[in-house]
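One structure below.
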């Protein structure tokens, strides 16, 4: 069990470090709470939607800013609004803050400032992506390990690769048997 | 004077000339490019220039310069006009003068000439007479006597002659005979030069020297009889005259000379007398041959002219001189005094009939011309008027320039003020946003903490922290709204709220401070005040928080702060005050003599009745009495330092504190009371106070509120509802030596439905308990609350044993029915409390200020069993509210969409997502099966506002059809009235957005990302009734 505990601690540490560094905020925690057996990968799903969206928007803005003959600030403003909305929805605080700064520059039609902000934004974005992907990996790993261990201990299920639905089912059974599932937050 | 004027004019012209020249140059330059452009282009150019000028911030200066130039031109024109006028008038005057002079002169000359000619004709006639009657007759018909007589008598015809004489032509050969015949010798004149003055005495004269011929005077007028016998040819002038006369046959004149004897300047006119009629073309030799004598007449020119001038009017005005100008280089003056040059001179030529002699008349005015006053006046007048008008215009231009300048400055200031205003609101928006974000973190964490397993005390702490955080946010909003008060834009809300809960939370917020200071704080609400009132809870809270905050600040580690709420109606009749707390306030005055006062803490307080004695509402001056409205009187009483009497007048003035040292001692800005006053006035109330230094202060205010329905609130109360019903019907005993404090405790317990008895000491409590053992009332007695002031371990033990004994006696179940004992304390350390608890003296310690949540938690814990019920209730409520509800989420951002979907699904809702406003329109066209719609505001193509508007219009169309019976209900899913709740999802939850949401037909809004409680509150409004 030690190994699992370690992994779990690592996961919790990692998750709280994300909070501490301001990469994610309360909303992210809220999102995690929304995960249940019906949508076990809710956060990951939303995050991948976000990444997709984000990459597209950043790309669009980069192209728009490259335009030699007049930058379409209205388009940039729309992109930024979108990005701000989605980043605040998943609780990506630093990305959101970068968006706010960006928006003030695009409002002032300051191309230099916009370019700087775009750079900052893509930096924050890649940081977030990195961190979240690590987090997901740790999360999945810890869950799997835990369930493995439980299964190993109880010896009532065959040792197979674990689809997530199965993991949740297992967890449910654990709860039913009086055990407790460590929550990830 | 005239010169001075001219100098002034010249000076003015010179000073104006330089700018004038510049002006002209600029005119040219400015006008040059203008004609090149067509009119429209010019207009555009002008507009551009204007804009450019506005950018340069100096548009009116150009206009001002133009005006100044125009003015300069005007003044210059005025000056030139006045100069021209002067010149013109002066010229006219001079011309008229010349004309006058010429007229007068010519008139005089003509008259003189005429008279002279008349005289000459007469002399000529005389010559013919002599020729006829002297030479034509033999013997002669004329002798000296006849001649003298005749000439004397006809002298009136020759007014200008002083005398006439006839001289005979005598050849030398005839001299002797002639002398003999007449009896005298021919005499010669004294000197040849007749221009010299001569003495004229015939006797003294020498006989004439021998010459070829002589012309001795034979006849003469009486006046010149002295020249008889004088040879006229001996005088130079006369000789010339005689020679010329006989050669020409006409009258000839001498040059002027002094006449014999009279010594007057005169001329002599000589006519030759011929012995026969000569043809007019006779040659001089023939005439000389035919000559027999000469008739001469002397003209006395000065007297002649004098006489003439006398006849004429206005002789005073001019001076006349007559000259003989035969010799042009040396004219001989014939008449007139010395010449003084008076400027004008007119010369008229005189023709006296002698072609060889030329005469002229010179006329002058006697006086020099007077100054042309008329011209001077007129021109100076014009000049003065011009300058005055110029001055007026200059002043006006200066004024205009100044006003324009001011206006521009104002515009600039206005622009700056507007910019500052925009910056301010931006700043406020940003700041509020920035503060909200970390606060959301704090609140979220607290919320999470509250979701964990906590015991009641911990839960209370967490809830207090959460509530405080929320209050902080609302306070921030209040601070932002503060400016609105000043600008009068503050509007009060009308929402139902639980007054008692509100007061509880205010007190709990300030309880930290008051407990630290050892001050007891309590709140009391009269029974007659309804549970739910309609008003602005935020503002109400703000006022009370402010007053309570002040009280805490100024109360030093003794005494109490007491907030009480009554109906205004309760105060109106002092005689039948039913409320005990109020009564005690009244009795206070009477009990002053006793050692401790019957107040919350035993310290003296001021008479609170005096704080509202000036209220119009109470004195019945305010007649209007709306039955729908209730008027509350809130009193905040403290035992603080009080307000100095001299500072009491200005306590409500902003930024004024009672003492300049106040802010040093106690801090604060001094705006709180002023804001409170404004807020109270907005609530149609009044605020007043009474304060005594060293005793304390009591602030009172009134406010009008609406009566609210209990069901209209989904407050905390609901959360406690099952718990509260649990306490319903229980009994409690309060042991407190201060009745007012006991009354406050009673009030709180009564809120839980617990019936209360009060005793003033432990001893009486024991007797009370023992006396009631047998009654049924004891069965209900569930708790005994003992105040710290009457705490006494031994007596409590005694009480306990009494109870134990009773239980044994009645053989009751151990677990039930034994009343629990609680201690009410103000300031106790946790250690002290746990010691008491563990030692078994009391079941729990209740910390003041009392509030419902604390009481419930404590009682639950002590009475056991129901713990944990409270928790999670809300969650399940939200779940039950949304379960199986069909909800449409409209958002263009797919991440947001997914999150909203996930959140709502968690509560069991069936969620459908659409991306665009149009899709939402299609989905929500009646009939549909959705129960609610969450709408994003900012979307491309059709935003949330527009989509909502269209949905609403579609709904109202259907509703109209249904109402008019055009469509049957069955067609629209058996729903008689279509109105889908639409909730806006927005990130900025500012008032303006909210108002806009409501305006376009939305029902409410939820902040994005979803916050559980807010979501619950918003959704509950629509689904609760359906539960």
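Glycine too: its Cβ is placed from the backbone N, Cα and C atoms.
The transmembrane segment feature in TrEMBL is assigned to B:70-87.
Feature annotation from TrEMBL assigns domain 'CHASE' to B:138-362.
Here the domain 'Histidine kinase' (B:430-707) returns a mean pLDDT of 77 for the predicted model. Taken from TrEMBL, the feature domain 'Histidine kinase' covers B:430-707.
The domain 'Response regulatory' annotation in TrEMBL covers B:731-863 (among others).
Using a 10 Å radius centred on the Cβ of residue B:787 (4-aspartylphosphate) and all shown protein chains, the other Cβ atoms total 21. Per TrEMBL, 4-aspartylphosphate is recorded for B:787 (among others).
If you look up TrEMBL, you'll see B:886-1023 (among others) marked as domain 'Response regulatory'.
TrEMBL lists B:936 (among others) with the feature 4-aspartylphosphate. Over all protein chains present, the Cβ of residue B:936 (4-aspartylphosphate) has 25 other Cβ atoms lying within 10 Å.
When the alpha carbons of residue B:787 (4-aspartylphosphate) and residue B:936 (4-aspartylphosphate) are compared, the span between them is 56 angstrom. Classification of residue B:787 (4-aspartylphosphate) by DSSP places it within a strand.
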